[in-house]
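Undergrad: Let me give you the structure first, and then I'll get to my questions.
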Amino acid sequence: MISVCYSYFLISKEKNHYIAQINEEADFFADKLALSLWKYDVTSMNYLGNMAMGLGHVQSISIFDESSTLLSSHENVQGRDHITLHRDISYQGHQVGSLDVTFAPFDAGPIWVRTMLAAGGLLVPILVLSVLVVMFIVHHYLSLPLNELLAYIQSVSEGHYGRVLSLKGGLEMVSIGRSMQNLSRELQCREERLHEQERELKENLLKYKTLFSTIPMGIVVTDPQGKILELNPHYEKIFGIARNEHVPRAKADKRLEVLRSDGTPVPPEECTEVKALRENRIIAGRDVMHRDANGNIFWLDVTAAPIPLEDYGVVVVISDVTERKILEEDLQAYKYMVSSSNDLMLLIDADHRYRIVNDTFAAYRKRDVLDFIGIRVQDVNKRFDHEGITDKDIDRCLQGESFRCQSWIEYPDKGKRYMDISFQPYTDRETIRGVVVEGRDITDVMQEREEREKLRKQLVQAQKMESIGTLAGGIAHDFNNILASILGYAELSLHSVEPGSNLEKYLNMVYSAAIRAKDLVSQILVFARKSDEELRPIRVASLAKEVLKLIRSSVPSTIEIRSRITSDFLVKGDATRIHQVLMNLLTNAYQAMEDDGGIMEMNLSDEHLAEDAAASRGLRPGDYVRITVSDTGQGIPPEIMDNIFEPYFTTKKQGGGTGMGLALTHSIVKNHGGTVEVQSRQGQGTVFTVFLPAMETRVAEKSSKPVPLEGGSERILFVDDEPAITTMVRDFLEKLGYTIMVTNSSLEALNMFTSRPEAFDLVISDVTMPEMTGDKLIRRLLEIRPDIPVILCTGYSSKVLGKSVSELGARALMNKPFVNADLAGTIRKVLDEHGSSRG
């Protein structure tokens, strides 16, 4: 029993020692394999496996990577029983693989047999001695060498390769010791090489990681299925994907979606990285559009290349080109703006060569844009016979000066155009590289500006004429009152003097002069009224003689006036207007000879125009009064002949004329159914010919001498603010038998009529009076007595212009100055129509 127990004790101890030993060996192998697995060095793995198999108690060794893939395996013949130890291998905190080592089972048979034999055949002392001897032998030749070997292995595993192993015992131990030392030296050399390689790998890895992290482009590595394996910080920044988020993210992530120009997603098979992987080629420089989380569009330049490694797909390099795209779009927009601009735009370099020209510039020259690029400015000027931009202008601008100029330039299709040209230095990095030229066609603008200025002057002139007309109306009113007195008293005097006496002769001359003055004021009032007089038969010959008398005093003595008036036809028209035509033609004629003198001639004749002669002048066949006014001045230049009848066109200096004379002449003649012709030769003179249609019947002219007057016995109230007129009218009408009351106040007249409305048969009132105007006075009188007949008299008043007699409430309207015969006839006519009896 003691032997059995002792044997069991020895077996248990040795077995525990054996188990501890093989666990240390398994840890040793795992530690030595860590670096090889990290570097994936299969050769080192096989070497270590062969070394392990050199140990007799190792039956097999299997080495696996982190994915449990078998990398190295060594095996001896195995029995049914064995001990397998498993170790997970890590390097620098990362699992790199695993190790399975199979050891032979602990063999207790020999110990058991010896013990049992000794127990069965020997005595206790011998057994004890044997046990002691065995223990000594085991301790000296096995335990000590093994402990030494384990200590050596532990020292080597810790990197202490300088320790010397001296095993005592049998040849096996000595052999094992030598093998272990050789293995230690080999491991030392290998480890040194591995350390060197590891240092180089760390340096390369650091460089790679630094470049990968700091390169200013996004980089992403995918597997063949598009799953993101690795990405750098710039890629994270562009797409907003965190580093710890990329592992489960597929390339189909919404944030990585590529968009078409219309905003719809691009199918995955059309993406750059998919095409690069499918076609196994590098695809570089593709611009793609994305949308960020806020909905903003941004652009990326994408390059994809396939990775020739197992389980790897492509590496994609991206860079944000949004600013470049914006600049390209802006550049395209600027290019469109320049090309489509109506202005001429050019860029000329420092060598005076065209670098950029827009379509408008080329169109103006009737050439293509490419005809100018790279060509010197002066060569273009010579080719197109054009001097719009000169070398002097370019050099001036290249010195840093900005300026503009305006000039007329001849173009193939457009003819002469007035161009506004600006020059600006083109600066690049504070250095003048060229000249920017912009030309604007301002021909129409200038013409519009000239037209506006012309219209402004016309408006000013029209306002002046309107002011003159208003002034003339005021003057005419006062002058007519004076003439009324002169005519009235002259006529009264003619009825009181002895016929045939010198006094009658003198009074007739005063009377005739006053009549002419009356007609002159009437002409002035035509302007003031701005309306036409009633057309009536006019003997143009009489008007021509009167105009010649009037103008003679204005013509310099160096000009000879000639006339030949043989016309006897009458013309139906406005005497004032025809008077104005004659005056304008004669005025233009003598003004053409003011400096050098000459001959001015007016001829009037009657002429019959046949159908052909009339048609060539735009007239109807028939009788016409022909008026010819000629001069021997310098003549009219041919280039302005078509403009002489335009309103406000004049060749006179500022203030020398309004430019309205010939325009009014042409208008008046046309309105009378006639025409104006002009012939002129420079240096010889000008002839104006007027044709006015003659009346078919002849009308006898009125005599300027007083006619017998017709009176009556009615009661008349006469109102006028001029005492001279009321006195003259009272004296005249009393001689004709009328009972007349006069007053110079409209308010007094109203009071007189209000107090005795039935005391008057007729009221005669001036229009323009202080206190109350004549038209208002009439309305008040008619309110009192609606049947009272009224005659209105006016020298000139805007209140009666354009109104009929009935609108004013009167029976008749007389214009001042009136002759007594007209006054007497009008009074008699109104009273007779009203039904009053004569006295």
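Just so you know, glycine gets a Cβ as well, placed from its N, Cα and C.
Straight from TrEMBL, here's the annotation block:
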type     : residues : note
TRANSMEM : 122-142  : transmembrane segment
DOMAIN   : 204-245  : domain 'PAS'
DOMAIN   : 474-696  : domain 'Histidine kinase'
DOMAIN   : 715-831  : domain 'Response regulatory'
MOD_RES  : D766     : 4-aspartylphosphate
Undergrad: If you average the pLDDT over the domain 'Response regulatory' (715-831), what number do you get?
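TA: Taking every residue of the domain 'Response regulatory' (715-831) together, the mean pLDDT is 87.
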Undergrad: Can you check which residues sit near the residue listed as '4-aspartylphosphate', meaning Cβ under 8 Å from its Cβ, same chain, 6 or more apart in sequence, and list them in order?
TA: V719, D720, D721, E722, I725, G774, L792, C793, T794, G795
Undergrad: Could you give the residue numbers and ranges of same-chain residues that sit at least 6 residues beyond the domain 'PAS' (204-245) on either side and whose C-beta is under 8 angstroms from one of its C-beta atoms?
TA: 251-253, 255-256, 268, 273-274, 277, 290, 292-293, 300, 307, 311-320
Undergrad: List the helix, strand and coil residue totals of the domain 'Response regulatory' (715-831) as derived from DSSP.
TA: 53 helix, 24 strand, 40 coil
Undergrad: In the domain 'PAS' (204-245), how many residues does DSSP put in helix, strand and coil?
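TA: Helix/strand/coil tally for the domain 'PAS' (204-245): 21 helix, 10 strand, 11 coil.
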